[in-house]
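Database features, via TrEMBL:
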DOMAIN    B:6-152  domain 'DUF1468'
TRANSMEM  B:41-60  transmembrane segment
TRANSMEM  B:91-121  transmembrane segment
TRANSMEM  B:127-146  transmembrane segment
Amino acid sequence: MALVTTFWDIVHLLTGTPLFLVAILGLTWGILGGALPGISASITMALVLPFTYTMDPAMAIALLACVYIGAEYGGSIPAILIRTPGTNSSAATVIDGYEMNRQGRAGEALGISLMSGVIGSLFGLLMLAMLTEPLSWLALAFKPTSYFALGILGLSVIASMGGDSLLKGLAAAVIGLMIATVGTDPISGVTRFTFGVPDLLSGIEPVVVMVGLFALTELMSQSGSTSVTQLGNSIRIRLPGWEMMRTLRRSQIIGCILGLFEGLTPGGGGSVAAFMSYNEARRWSKTPEKFGKGSEEGIAAPETANNTVASTALIPLLSFGIPSSNSTAVLLGGLLMHGLLPGPRLFEQNPQVIDSLYVGSLIAIIAQIGVGVIILPACVWMVNRPRPYRSGFIFALILSGLYTLNNSTFDLGLALALGLVGYFMRLARFPVLPMILGVVLGHMVESSYRRSLVLSGGDFHIFVEDPIAVGLLGAALLFVTFSLAREYREARRTKLQEAHQ
Amino acid sequence: MNRDLIAGAVLLAIAGAYYVSIGTIADSTLSDEVGAAGLPLALAGLLALIALVMMARAVLATRAARRAGGPVAAVEDDEEGDASVPRALGLLLIGAAYVVLLPYAGYVLSVALLIAAVAFYEGAARSWVIPAAAIGGAALYWAIFVKLLGVHQPAGILVQGWLS
Amino acid sequence: MRKTLTGLIAAAMTAALGTFALHAEPLAYPQKVVTLVTHSSPGGGSDVFLRELSKYLGKYIAATFVVENVQGGSGAKAVARVAAAPADGSVFYATTPTYIYTSLLSKPSATYKDLEPLVNMFADSEVIYTRADGPYKTLKDVIDKAKSERGRWGASNPASLERQAAEQLKRAAGVNAAIVTHEGGGDMMLNVLNGTLDIGIGEIQELRSQIEAGKVRLLATFNPQRIPEKPDVPTVKESGYDVSLVKFRGLAGPKGLPDDVTKVWDTAVKAVLEDPEYKKRYTEEVLVANFIPHAEYPAFITNFADTTEAFLKETGAVK
């Protein structure tokens, strides 16, 4: 299972125009699809799938992998520039990315997300190429109880996210969880809260909620605001220098580690890793107070994480034939279509497929810097247009993208309704983030909790018997206690100060 | 703090409506002990509890402020303080009009109208730029979504009828 | 699979067919373009089935075949799309038991009753498997464990044929087993491999990697007969439990298909199943050809639906 059989294979693969071209085309296509709201990484890949049927299998697989890398990165561009996550996994990037943009630091924010993406992808590719075998067994260590605990750890973050009121954050999270219950019940298969609407049978897509709550709310808020702020961003893209990279190192390591785990385990497909690394980065940051107000680390962590996933998600796919996300499911389709069966024997029988997958990914990752530097200034220029036109184009972009999700105007109506909800939440000072976290994690928490209890016959000991679950639940408990204690201390301090005055 | 009282009441109403809808979930022996309605029941209860606490706190805070003789609710330094809610809702209505129009007028025409309407609503100067941006924007999006990506967008019942 | 994508239309590669030596002239057909609709996402089970099929169909029917993915609503939207199409042989739907289950469980506006089954092509093999280094060597070992303590069985989807199979086996053997449903076969595979589950019940196609790698052992198949490629795997019925299932895979169209269309398909599907290249391909994928002509297919589907409905009613999932 060598990375590449000989030196000459590398030379051949690098100089042979097809792979080089395929990698860059795939990457560019991926960035485009990922950057368009509503067109997720998996859809971007699915859109090129039919074209790959006639290609050489090795090229086809490399192309799909490069599209995946591009799409995971591309989602961050609209997240930073127009408060619209292009893909589910870039939702966490919105928080500090858009804030930096509002401060006129769009070029800096885009540069950080670009470089963090490259670092995440390189780390992921390294893991994929070197440690597929040992890591694939780590994927097996996760049981339903562990997934439940992982989801709870993710939700525990709400304790520190509530902003000025914990109660409001909690309320928002509960509503998010309620949205996640719509659709087909994961255990019994009965329908819940669908009211006979077929569009609701497979649930509400997280991206519809995100676009509604983030992007539409922002458009409405800008429209309603009399004090118009014109974004005056320089179109220069500023890649982070050495000094900045040192500051970001901690958050990028967090992103790499969480992205690695998320890629290995079936589930959220990047979005859970992005949110969790955002929170961990804040927890471990030297300047946690900057988070939410334009923190560079707040972009670096989720962007490193979701790009790491784009490579590590291939580990369970290639070693077990198990797609851990929708994107890798498309890749699996591509493999099957060419008569390739993923699994241990793929490495022996079709080493050229594996080689071109690795080398193609490497080319794409390096090319990402170049492609980014070329296209990003144009993107910044576009959002620098006068507000009336900018709003019109963003609105049209959102509604065009969401329509492609299910070919249905139902999703558009839903997003508009959620925009209304988000607007009133903003007026009433409810934080939006806990709600999105609820939508993203609700399904995983509920289904794995119930699955665990079915396994044990209703015996709660099953959660204690799984060491991973114990560790994660313990961490969640510690975190909640810690955050509440800190909040309490701060509240008392302000009260004391007021009393003194 | 009046705002929190209203918010609490709205949350209570959501919890109530959600609770009522739980009745529509079918009971199946294929289900587990928690059941399809298990989590929803817990969520409805939790939200109702949060709403009640929020309302109680709002009432108490108002009373305490009155007793202290201070202003009932201090006007906070508010970024949305100058917000015009009707204006914001108007923007949403334009979006709703697009959703209604889309199946009939088709993608290209609807997008052009949407861009023009939003630009006009947001106060763009009345000039040739509005129609130009609308047509250019519609062409651009059509090229990206329909031509380049090859995803489906409605052709429009009316437009099709007129063409054939 | 939670994500959805619709309206992705991809032309089948009829161009490539020019290179094949044709055994006979393709049959004349009233339509130039035939759209094959599936509810599965690109790369999903039915999608792969249709795309493979469309590669070979052009040899036997003089038309261009196009695959359209209409996802969402667990197949409800795809059924509605085909039910509303003209019944002239231009649009068909790839049937699997999913469309029966969705029709019964979700009560959408268009159900399986609004479609006319055309022909059946394959039976997918539903199997019981366990991890190769686990304690179970035969189905009897699994049942014995479930008798003495409590079994942990996995089914790949909540309300599905696999779930039904698990429930029926549990009843036939009279044992106590927790039936854990998953969202897709991959999820369940991990739980079988890590020992959380005693057995998993799923399609053999999803296990091919693991079977080849020797990580899982097949204990039995729910097929009425043994799988030709796996002659040493007994059927559940042979093992002493009277449960057998057919996971069908075929085509259906709008109601009122004309005779000239159905006749062409009867002949062409029979021929395409005999096509040596196609046969090699689908045998690799452990699909078992199970041709049911147009005259008999509607009765087969109705019978399947009635059995399913009775099962779901009995469990209370459907009133």
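Here, residue 1 is simply the first one shown, and the rest follow in order.
Note: Cβ is positioned from N, Cα and C throughout, glycine not excepted.
Sequence-distant neighbours of the transmembrane segment (B:127-146) (same chain, 6+ residues past either end, Cβ-Cβ under 8 Å): 107-109, 111-113, 115-116, 119-120, 152-153. Mapped onto DSSP helix, strand and coil, the domain 'DUF1468' (B:6-152) counts 105 helix, 0 strand, 42 coil.
Residues belonging to the domain 'DUF1468' (B:6-152) score a mean pLDDT of 87 in the model. Below 8 angstroms of C-beta separation, residues 1-2, 4-5, 7-9, 11-12, 14-16, 18-19, 22 of the same chain, each at least six residues beyond the ends of the transmembrane segment (B:41-60), sit close to that stretch.
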